[in-house]
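Chemist: Quick one: the structure is below, and I'll ask about it shortly.
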Amino acid sequence: MGQENKTQTWVREFILLGLSSDWKMQVFLFVLVLTMYLVTLVGNILILLLIRLDSRLHNPMYFFLSVLSFVDLCYSNSFAPQMLAHLLSARKSIPFYSCVLQLYISLALGGSEFFLLGAMAYDRYIAVCHPLHYTVIMHGQLCLVLASGCLVVGFANSLMETIITFRLPLCHSVINHFACETLAVLRLACVDVSFNKVMVAISGFLVIMLPCFLVLFSYVRIVAAILNIRSAQGRSKAFGTCASHLTVVCMCFGATIFTYLGPRSASSEEEEKMVALFYALVAPMLNPLIYSLRNKEVMAALQKVLEKF
């Protein structure tokens, strides 16, 4: 117990190894990350403004999209500014409590996003399979409850995982990652982390697989309903309402399942960093592009706003 207290007192800050130690590569990564970060900010803020300004987008589908864009904005801001600063710094340090906060916020927003994707799949299921009752079922209060519930579950799960992670006695302060991430922090522990790994697996099942099952159930019903539509135009229109969401679902769930539920290997730490980078920057950058370029209503709203200026 004395050693544990001594170790915990000693760790005042962590050193992040980042993505590369080569200076030229760090400069290249700085330009790349900055570009992706700016595109993420512009894209998601634009989505929020379009949904706010255009009355044609005031429906449940775009309400959930606006929440998703807000979560993506916050998620990117929990990583990108620190990454940019560290890429141009010789010493990549982060205070202990800042590391705790970063882990908590990133886990909370990441978990909330998965449940939001599940809620959006349910919304598409109601829209395609019960179109005549869509506005009655997906009323404003239900949408607000679903979105709030996604955030509450995400933050509650993150609180549990963050507490059990940072209660461990730590023998090292060097994190082989570009940010404070659960698996990377667990590798610093002085004691057996089997319990933590079990809890991470349970957390991963709840946060990843439960929304995934809801998405699969919704799209099985959606595909069955689309196949029953006689006209090719009707099938195309019905599938078009789900294409953007399905693309984002495959991208987000696929990357995270690979990171947390995939097989471990000797190079798993580097693979985890690449997948985490994809999820922290690439996915939030691509989400507004996917929803705008593949969505006629969003493009029409954008054109209307541009014409005003």
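For all residues, glycine too, the Cβ spot is worked out from N, Cα and C.
Straight from TrEMBL, here's the annotation block:
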- 27-50: transmembrane segment (TRANSMEM)
- 43-291: domain 'G-protein coupled receptors family 1 profile' (DOMAIN)
- 62-80: transmembrane segment (TRANSMEM)
- 100-122: transmembrane segment (TRANSMEM)
- 134-156: transmembrane segment (TRANSMEM)
- 201-227: transmembrane segment (TRANSMEM)
- 239-262: transmembrane segment (TRANSMEM)
- 274-293: transmembrane segment (TRANSMEM)
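What does the local environment look like for each feature on the list?
Modeler: Summarising model confidence by region, the domain 'G-protein coupled receptors family 1 profile' (43-291) averages a pLDDT of 86.
Distant neighbours of the transmembrane segment (100-122): 61, 64-65, 67-68, 71-72, 74-75, 78-79, 82, 94, 146-147, 149-151, 153-155, 157-159, 161-162, 165-166, 179-182, 185, 207-208, 210-212, 214-215, 218-219, 245, 248-249, 252-253, 256, 279-280; these residues of the same chain sit at least 6 beyond its ends, with a Cβ under 8 Å from one of its Cβ atoms.
Sequence-distant contacts of the transmembrane segment (134-156), counting only residues of its own chain at least 6 positions beyond either end whose CB sits under 8 Å from a CB of the stretch, comprise 60, 63-64, 67, 107-116, 118-119, 122-123, 126-127, 207.
Beyond the ends of the transmembrane segment (201-227), by six or more residues, the same chain brings 110-111, 114-115, 117-118, 121-122, 124-125, 128-129, 154, 157, 160-161, 235, 238-239, 242, 246, 249, 253, 256-257, 260-261 to within a C-beta distance below 8 angstroms of the stretch.
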Chemist: State the residues, same chain only, that lie 6 or more residues beyond the ends of the transmembrane segment (274-293) and have a CB under 8 A from a CB inside it; answer 'none' if no residue qualifies.
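Modeler: Residues packing against the transmembrane segment (274-293) from afar: 19, 33, 36-37, 39-40, 43-44, 46-47, 65, 68-69, 72-73, 75-76, 79-80, 106, 110, 177-179, 181, 244, 247-248, 251-252, 255-256, 258-259, 299, 302.
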